[in-house]
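Here the structure is laid out as structure tokens; the discussion comes afterwards.
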Amino acid sequence: MLYYLFKYLEEQFQFPGASLFGFITFRAAIAFLLSLGISTVYGKRIIKFLQRQQVGETVRDLGLEGQSEKAGTPTMGGVIIIMATLIPVFLLSQLDNIYVVLLIVTTIWMGLIGFTDDYIKVFKKDKDGLKGKFKVLGQVGLGGAIVGGATMFFHPGITIKEEVTDPVVAQEIMARTELPVAFGEAIQSTKTTIPFLKNNEFEYTSLIDWIDPSLASWAWLIFIPIVIIIVTAVSNGANLTDGIDGLAAGTSAIAVITLALFAWISGNIIFSDYLNVMYIPNSGEMVVFITAFTGALVGFLWYNTYPAQVFMGDTG
């Protein structure tokens, strides 16, 4: 929202400093600081609210040393992370960017599944929570219907640009764009980045078009299940690390910082070419979301490190 406000002020009135909001790095820095402040300041209030509601962690008897000390520790702290992430994103991101929309939908979708699971565990006194089949259905629906199928594969806004190898055409493009590199038109593609392969790229259609080139249009039958597996694995992997002081939030913060770096490089036409990373137009906007998420995790860690005052629960 602030992005559009300052963009309007810049275009209409040349408002001093408004142009700063056009820079992803500036908005990412503000998003980090804002989310850090929200999770730190309001985190304590949310923890006290959870304590008053007796929203405590139920500890399974695994025979681990000190596990009894965790009993009664407030859970559902993932609400802090979600709130501290989404508020800066709504304020500072380009909300018409398809990648940002996907991340917002994913956050809300998975947060609702986790919240339902925690609610059943805490308030319905059912230690098993939401039945596994419903969790998997939710994750499969997210990975297949929204992220995998309907959007990532078919949406016209999700494209890549490949470097032009013809020197004559490249010179024409560089003269027209005044850039030191030349990329062709944006195209939809099933390529993904995998190290140690040629050009660090893997083409999903290669798994099927060797049978018959006409089958390339059916690559989504391979692409979507892989996305489903990734979404389900990452979600459950993060879930398994929660319950140990600082582990889930700490490891996630390290991982997403790396993702922010790659998102920025991949969305920058100069650095993506220099570092031989696939150029994905408009993907750099994800940096604002990721830095907001990082700030939320770092702020949450203040209360989640030993001795933990709160756990993120399945909501997180």
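Each residue, glycine too, has its Cβ placed from N, Cα and C.
Owing to the predicted nature of the structure, the values given are computational and were not obtained by experimental measurement.
Taken from TrEMBL, the feature transmembrane segment covers 20-42, 75-92, 98-115, 136-154, 215-234, 246-266, 286-303. Summarising the annotation, TrEMBL assigns Mg(2+) binding site to Asn239, Asp314.
Look at Asn239 (Mg(2+) binding site): DSSP puts it in a helix.
Of the two recorded stretches, the transmembrane segment (98-115) does not lie close to the transmembrane segment (246-266), with fewer than three CB pairs under 8 Å once pairs fewer than 6 apart in sequence are set aside. Where the transmembrane segment (20-42) meets the stretches 75-92, 246-266, 286-303, the count of C-beta pairs under 8 angstroms peaks at 286-303. With a threshold of 8 Å between CB atoms, the same-chain residues lying at least 6 positions outside the transmembrane segment (75-92) that come near it are 1-3, 21, 27, 30-31, 34-36, 38-39, 42-43, 46-47, 50, 55-57, 100, 103-104, 107-108, 111, 114-115, 118, 121-122, 249, 288-289, 292-293, 295-297, 299-300, 303-304, 310-316.
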